[in-house]
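S.K.: Structure provided below as structure tokens; questions to follow.
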Amino acid sequence: MVEQGYEKPESSAEEEKGEVTMTLGENGTPGFPHNNGGGRLSDFFKVPMLWFKMLADEMHWTFVLGVVIVYGINQGLGGALARVGTEYYMKDVQKVQPSEAQIYSGITSIPWIIKPIWGLLTDVVPIAGYRRRPYFILAGSLGVAAMLILSLHKVHLVLALALLTAGSAGVAIADVTIDACVAQNSIAHPSLAADMQSLCALSSSVGALVGFFISGILVHLIGPRGVYCFLVIPYLLVLAVGIMLNEPHVGNFDYQQINQKFLDAGRAMLTTLKFPNVWRPCVYMYSSLALSLNIFEGMFYWFTDAKGPNFSQETVGYLFSIGSVGALMGALLYQHSLKDHPFRALLLWTQLFYGVSGMLDLILVLRMNLKLGIPDQFFAVIDECVSQMIGRLKWMPLLVLSSKLCPPGIEGTFFALLMSIDNIGLLSSSWGGGLLLHILGVTRTSFDRLWLAILIRNFLRISPLCLLFLVPRVDPSSSILPDGIVSSKDGHVQEDRSPESDNIELVSLVSHVDER
């Protein structure tokens, strides 16, 4: 219906048909497809399909497929299934205590701590003339072997931990390798860099949502070991990426230079860490993560026990999926409203709210929600969504701060190092939480002091505010590193006082940028 007094403009033939066309980006490169009208349901599916086709035409279909498989299927869907499956595997199959399960979850995350090593290997150590394909094959093979053994045999706890760690290493190696591929294509196709990041984030988010949603159902139908059997499929797809990926062959590689490159990388990172503007924020980031003790295993055992809400496997999976939605909401809120705020002010409020949000767990464990007439399931949904949203709001400025600490020339290497420091903080948090549960006597059947563990955790969550002075007051648009810092060709980090600094060759030993 057209309002009176206005004349409907004439529509072009394309608009009448509701056709979808491609716009041109920088340098005439195709950009994201747009709908010229029509609003038909078919266009809802046509637009993303054309977008995928554009990316495949500009780069290569094997690269686009590799991103979807590694981020969406292996890391998103597979990671969600592995998390829920492992919770029930430790509880129902291995029958370990909550404090032990907390320690073991930290052990299986160790491959992510040494992520810079995987990155350096993929960049400087080609195998059979290829830098990426062999590492995808290695990652897929590790995961397939580990999941098959876990699913077909009831193994001893020590072997189970080794196999779970091997599976985690498969995911970490594949993640680092696809990151390197994304970085390479971002350099070769700079106008499509944002599209590639959107593809990575979209694949990971959708995969995680689907994975968490079906995780509880699968655990209920086929059990934790059946879930591990199902996880063979994502690892097989990663292995297939290693076979199919379009990658140029590297000939006549001098393997004698590998040691020197590793030494140069280590020397450059160590020199950079000596700058006060770098190590001070690093101390805060580690403390912020390490002091926020992780007692999730205690909560999980209580969730699924008759003394607690006694949630079913399906309900636990739904809670995780709601949590992933909350994390996505936090990322969108940061991007829309908070990304330009100064680091120190933003971290003050997010850390404070992070501690306060933990009181929701206390209300749930003390069953105060039932006194208020709020069912356990409904309150747990609110708790999970709010906690994950605030946790993501706390994590996002730390990621941006990390990217601002990376000197030119070794950005990828140093960012991976900072992510390793963060992962060590998460490991400390997991092991510290396990120790706290053990000291307070929280077991598979005794949860009398779980409320005290939550209270101590909430207090420790706000304790990093005492170290907030280590974080610079600048906003994300300001520079943190000393003026003129560069990385020279031999890997040394130094101050650039020469007006001809553009002539210095900046070499990145690891070209990927970790989004984790």
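Heads up, residue numbers simply count up from 1 along the chain you see.
Cβ atoms are placed via backbone N, Cα and C, with glycine included.
All TrEMBL annotations are machine predictions without curation.
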S.K.: Quick one: sort out which of 315-334, 435-454 is the transmembrane segment according to TrEMBL.
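M.R.: When 315-334, 435-454 are checked in TrEMBL, transmembrane segment belongs to 315-334.
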S.K.: Hey, does the transmembrane segment (133-150) touch the transmembrane segment (196-219), meaning at least 3 C-beta pairs closer than 8 angstroms, sequence gap 6 or more?
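M.R.: Between the transmembrane segment (196-219) and the transmembrane segment (133-150), contact is absent.
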S.K.: If I count Cβ-Cβ pairs under 8 A between the transmembrane segment (133-150) and each of 59-82, 226-245, 283-303, 346-366, which range comes out on top?
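M.R.: Looking at each of 59-82, 226-245, 283-303, 346-366 in turn, the most contacts to the transmembrane segment (133-150) are made by 226-245.
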S.K.: Please work out which recorded stretch in 59-82, 157-176, 283-303, 315-334, 346-366 has the most C-beta pairs separated by under 8 angstroms from the transmembrane segment (103-121)?
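M.R.: The stretch with the most close Cβ contacts to the transmembrane segment (103-121) is 157-176.
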S.K.: In terms of Cβ proximity under 8 Å, which residues at least six beyond the ends of the transmembrane segment (283-303) contact it?
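M.R.: Counting only partners 6 or more residues beyond its ends, the transmembrane segment (283-303) has Cβ contacts under 8 Å with 87, 90-91, 98-99, 101-102, 105, 309, 311, 316, 347, 351, 354, 361, 365, 380, 394, 398, 401-402, 418, 421-422, 424-426, 428-430, 432-434, 436-437, 442, 444, 447, 450, 453-454, 456-457, 460-461, 463-464, 467-468, 470-471.
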S.K.: For the transmembrane segment (346-366), what are the same-chain contacts with Cβ under 8 Å, counting residues 6+ beyond its ends?
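M.R.: Sequence-remote neighbours of the transmembrane segment (346-366) are 284, 288, 292, 299, 302, 308-309, 338, 376, 379-380, 382-383, 386-387, 390-391, 393-394, 397-398, 447, 450-451, 454-455, 457-459, 461-462, 464-465, 468, 471.
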